[in-house]
Amino acid sequence: MQALVLLLCIGALLGHSSCQNPASPPEEGSPDPDSTGALVEEEDPFFKVPVNKLAAAVSNFGYDLYRVRSSTSPTTNVLLSPLSVATALSALSLGAEQRTESIIHRALYYDLISSPDIHGTYKELLDTVTAPQKNLKSASRIVFEKKLRIKSSFVAPLEKSYGTRPRVLTGNPRLDLQEINNWVQAQMKGKLARSTKEIPDEISILLLGVAHFKGQWVTKFDSRKTSLEDFYLDEERTVRVPMMSDPKAVLRYGLDSDLSCKIAQLPLTGSMSIIFFLPLKVTQNLTLIEESLTSEFIHDIDRELKTVQAVLTVPKLKLSYEGEVTKSLQEMKLQSLFDSPDFSKITGKPIKLTQVEHRAGFEWNEDGAGTTPSPGLQPAHLTFPLDYHLNQPFIFVLRDTDTGALLFIGKILDPRGP
């Protein structure tokens, strides 16, 4: 796990430093050495909670998926809700025999979890992150080729743990598309546009993951302060976009010298937050930051950032994505699911994964719960002004505070979209 090095500039003002002399004796409560004399790091208590451990696993899958998608889209925005894709894969693993199941489980990092009831814990995770106050809508579905006979022993646990039933295609492309669109509309409460892409004839197994989120800040922005301002696409090009501003924003902040970026965290209602990664220089190459993203690293950030007051500007954002993540998953050691998997717990007929579709919508504007910061946020007193302007390419992570789950991730090179 990458160590988080936060050169906060305010550390000295806070009267302490997190750096320690390597020659100093270990403090009380520090890890004990093993038989070789090496320090053995104890697992963070946060990750000892089964649902948090599972959330970390599927989130690490999500960061992997994001990295693959971003590497194939170096000059365009990337928007993903990896949880919905992970949920579809996890649900599909219920119908896999051991060889195929282990392939899916390794991709989802389940091989690092000792929980005997992963699917039961997944239900707890879904119930937590899709609670009404979270403002997150997320759903997944498994669609099978026409006339396939599905075993009831697969359907029952699928419905119990994942709250969904499989769909068998009729063979009529127009009716199948209409039915899937109707399902998406029902799950997303009409927040996502209907797809016009026909279902391919050669479908054997289609996985569908959909999600929508409209954030509500704990402290709303004053819409009267929103104005058109420059957003730097790169060192030479700018565009004018609506920018929200708060001259006295209370946020959590840190400067990571290893990643050459400024990190800020803004709280949302429903026990959620958005973490922003803003490079020190204008660039569309965010690879250094992207390679560092793991559940453990984000958890460390959440613990280490300091509450400050800053001049903040954030672009209004409304993005959507509709497309396949099939090729991305094939690059993530899941190719065998598309070749010769064993899904004999689903049906007696040989079937394989042929397509994975993802639809997502994400939005934030000035809306918030109140006009003053949370009473629990006491900013450090700074002797210099601190600015945090999201007026150049950046990465954001939408994280559930209760479980640590990655819910959305985006690379914003141009706030205008798509």
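Using the three backbone atoms N, Cα and C, a Cβ is placed for every residue, glycine included.
Source: prediction; values computed, not measured.
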Quick one: which of Ser24, Ser30 has phosphoserine in Swiss-Prot? Ser24
With Swiss-Prot as the source, identify the stretch among 215-227, 371-383 annotated region 'O-glycosylated at one site'. 371-383
For the feature phosphoserine in Swiss-Prot, which residue out of Ser114, Ser140, Ser152, Ser260 does the record point to? Ser114
Same-chain residues at least 6 apart in sequence with Cβ under 8 Å of the Cβ of Ser114 (phosphoserine), in sequence order, are none
Check each residue in the chain of Ser227 (phosphoserine) that is at least six apart in sequence and keep those whose C-beta is under 8 Å from its C-beta; list them in sequence order. Pro242, Met243, Ser245
Sort out the sequence-distant neighbours of Asn285 (N-linked glycosylation site) for me: same chain, 6+ apart, CB within less than 8 Å of its CB, listed by position. Pro74
